[in-house]
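Below: the structure, in structure tokens.
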Amino acid sequence: PTQCDNWVRTSNGGHFASPNYPNMYPPNQECIYILEAAPRQRIELTFDEPYYIEPSFECRFDHLEVRDGPFGFSPLINRYCGLKSPALIRSTGRFMWIKFTSDEELEGKGFQAKYSFIPDPDFTYLGGILNPIPDCQFELSGADGIVRSSQVEQEGKTKPGQAVDCIWTIKATPNAKIYLRFLDYQMEHSNECKRNFVAVYDGSSSIENLKAKFCSTVANDVTLRTGTGVVRMWADEGSRLSRFRMLFTSFVDPPCSGNTYFCHSNMCINNSLVCNGIQNCAYPWDENHCREKRKTGLFEQITRTHGTIIGITSGIVLVLLVISILVQVKQPRKKVMACKTAFTKTGFQEVFDPPHYELFSLRDKDISADLADLSEELENYQKMRRPSTASRCIHDHHCGSQASNIKQSRTNLSSMELPFRNDFVQPQPMK
């Protein structure tokens, strides 16, 4: 916080004064003093004489502002100005926030105040040990970071069932500003700012530096013009489910130097934030072309160096494999003959011996008469077929010899013995 001259601190208290006191204070001044007592103590503030601050209606010009707490948004005790010094001022806790402001004209002597610490009557000693009260305050700094409400419960800053009133103070890198982007935001009672909200301050926690206050269903990005940001979350006893998570990024105005990256949105961030997996720019330019900027690993180096050789070798192996498969498919299969273990001469002769003919005589009269009728029919049939038969016959025993036999007499045919081939006995199959 900003301080202006004459600031003294002791274990029992101290004093502070306006610039140049007891002479005229200069114009355009803003001095902030934060008083802090030990746990279970309160603060008493008194003013010395002479005392003079430019008088105005409701102290709108030069004035002294006192708040009951450590922040610029803490409950206002009062604003003081004029010729008469304020009466004794007492805090309800162990912090007091004081700001002195002067405008461009009509200055005065100013003030000098003394503060002291007194025991807090609301607390008593337990066995001679003073139980400390945890303060729900957090500090963050650096090129970027995460502000999250879950930190309150993780560090035990508040007890279950109690209201949440916590502060995160953010410090940017030297000569840088702060860009805030909400990653998660939910208010249990939307549009009820008296029950839960998230407020952002630019430069200090003064009420005049309030940059944005969110209590609805949407929270927008916030760009601060200073290197100090204050985030406050308030949630009453019935709004403990309210939560938020916010990313802060330190940035500088263009032109960008050698160790910064241009975000295409009037901001330059540190090169270490590029391709870190988090969008630090207002637009995701810092994460769009990360493949080229990412450090290549061993596998990628091998792939780039020997990728062509590996590809050609793999192709050749694949072609040879296909050719071998095709050759195996086209090649005829070898026939395997099963050899017979024992050779049987009887079976071999039955297959290769010439056909056996049996002779019989036509001695039966009935059979002779039937054959005589059959011979006449065959002779008549042969007369009709002789012209065409001559051209068709191939073997002599099918044509000529048969014709001469037909002309024989019935008596000769009855006494003639005809050869007969036993075609009804089928030979055994070849094995």
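Glycine is treated like the rest: Cβ placed from N, Cα and C.
Checking Cys256, Cys263, Cys268, Cys339 against TrEMBL, the residue bonded to Cys281 by a disulphide is Cys263.
In the disulfide annotation of TrEMBL, Cys268 is paired with Cys256 out of the candidates Cys256, Cys290.
The C-beta environment of Cys256 (disulfide bond), restricted to residues of the same chain at least 6 apart in sequence and closer than 8 Å, consists of Phe262, Cys268. Note on the domain 'CUB' (136-251): DSSP counts are 8 helix, 59 strand, 49 coil.
Within the domain 'CUB' (4-118), the DSSP-based counts of helix, strand and coil residues read 3 helix, 54 strand, 58 coil. Counting only same-chain residues at least 6 apart in sequence, those with a Cβ under 8 Å from the Cβ of Cys290 (disulfide bond) are Val274, Cys275. Take the disulfide-bonded residues Cys31, Cys268: by the count of other Cβ atoms within 10 Å of each Cβ, the lowest one is Cys268.
In the predicted model, the domain 'CUB' (4-118) has a mean pLDDT of 87.
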